[in-house]
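Notes follow the structure.
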Amino acid sequence: MASESPDVAVVAPVVENGGAESSNGKEEQLESELSKKLEIAEDGQEENDGEEGSKAETSTKKKKKKNKSKKKKELPQQTDPPSIPVVELFPSGEFPEGEIQEYKDDNLWRTTSEEKRELERFEKPIYNSVRRAAEVHRQVRKYVRSIVKPGMLMTDICETLENTVRKLISENGLQAGIAFPTGCSLNWVAAHWTPNSGDKTVLQYDDVMKLDFGTHIDGHIIDCAFTVAFNPMFDPLLAASREATYTGIKEAGIDVRLCDIGAAIQEVMESYEVEINGKVFQVKSIRNLNGHSIGPYQIHAGKSVPIVKGGEQTKMEEGEFYAIETFGSTGKGYVREDLECSHYMKNFDAGHVPLRLPRAKQLLATINKNFSTLAFCRRYLDRIGETKYLMALKNLCDSGIVQPYPPLCDVKGSYVSQFEHTILLRPTCKEVLSKGDDY
């Protein structure tokens, strides 16, 4: 304010000298006007400085907002139907862990062991690969469960599922893709059935369908299955195998004997009953079907996890992958090979076998290139352009190079349910790799 400015001088008039008074008055007036102009100029400069400071502040805020908006950039979301490869949904390259379960009793110390944590750091690339395969499995089965309904052709269900896997896993030869044919076994057929080309089987309301499919990255396999039934009368049958599988997973661990897991599974499975069309059945574990260890490019790596008591005394070991799967049946609880074969797999330990048929040699080269020791089905051979191959395929089977896996069936008229997860016995904990929100 001007009244507070120290530049304004107040001088008393001199009465004796009128000229001096007049001169002094003019000087005082000039000084006063000059002071006012200086004050106005200073005030203007302050306002300019304030405006510039305000602009600078606004500019900084805008930059911060821009930076914040960049940080808040959302990750891509999966489409419906799914079409975006999972590698694009996780640009960091790190894929979600499965469900972590701590070891118990004598192995509880592993949870906090620095030495064991260091071992896990070395295995991180493998863990990440198999987690990527598991994430694909979760997203594909979520979609398939939402679209499957009575009246669909089994071939359409399988091809929709398999094509979705190919997209989401970024299929790339033997580096990434489908690990084995889509099993969609119905009712008394427990496993290893998929439609061959031309099959016209239609899914019915009263069917019990086991959807068993696999994904892999660099041969690291996720083997995971679930059962679909539209009629609620089958709910207890599905619950039996689901809870039995959870029990098997809970019991599994480093140094656990395989026979103990089987006994625990059977106890839970056979505690269930199911009423079908007015008749009550006790659910039975299928005694000649098992879970199994998994190796790179090897779906059955040598160890079997029984689902009844009285199995092997062999122990599970650190670092192993296992498919824990259970089958509950209203039939005899025993399967046999039946129906037309669709599943085949090159024997993992097959050495060089001389082949006489040129067509068999050609087919073997195709199998080596496209599947190696991963399982395949006739539809997959059709898809890559193979024709008139049945005689050559039989020759490869007869020579012991390729193993056929016909459908496995309980008694006709019975119903079988299945649930399965892949687990990893890490040095510090047990990871249920394929676990999802659904099961």
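Backbone N, Cα and C atoms are what each Cβ position is placed from, and that goes for glycine too.
Of the residues Glu251, Glu320, Glu325, Swiss-Prot puts just one in the divalent metal cation 2 site with Asp223, His292, Glu420: Glu325. Just one of Asp212, Asp235 is listed by Swiss-Prot for the same divalent metal cation 1 site as Asp223, Glu420, and that one is Asp212. Among the binding-site residues listed here, namely Asp212, Asp223, His292, Glu325, Glu420, His292 has its C-alpha nearest to that of His300 (substrate binding site). Within 10 Å of the C-beta of Glu420 (divalent metal cation 1 binding site) there are 24 other C-beta atoms, taking all protein chains into account. A Cβ within 8 Å of the Cβ centre of Asp212, Asp223, Glu420, the residues given for divalent metal cation 1, is found for these other residues of the same chain: Gly183, Phe213, Gly214, Cys224, Ala225, Ala323, Glu325, Gln418, Thr422.
If you take the Cα of His192 (substrate binding site) and the Cα of His292 (divalent metal cation 2 binding site), they are about 15 angstrom apart, rounded to a whole number. In this view, the densest Cβ surroundings among the binding-site residues His192, His292, His300 belong to His192, judged by other Cβ atoms lying within 10 Å. Residue pair Glu420 (divalent metal cation 1 binding site) / Glu325 (divalent metal cation 2 binding site) shows a Cα separation of 4 Å. For the pair His292 (divalent metal cation 2 binding site) and Asp212 (divalent metal cation 1 binding site), the Cα-Cα distance reads 14 Å.
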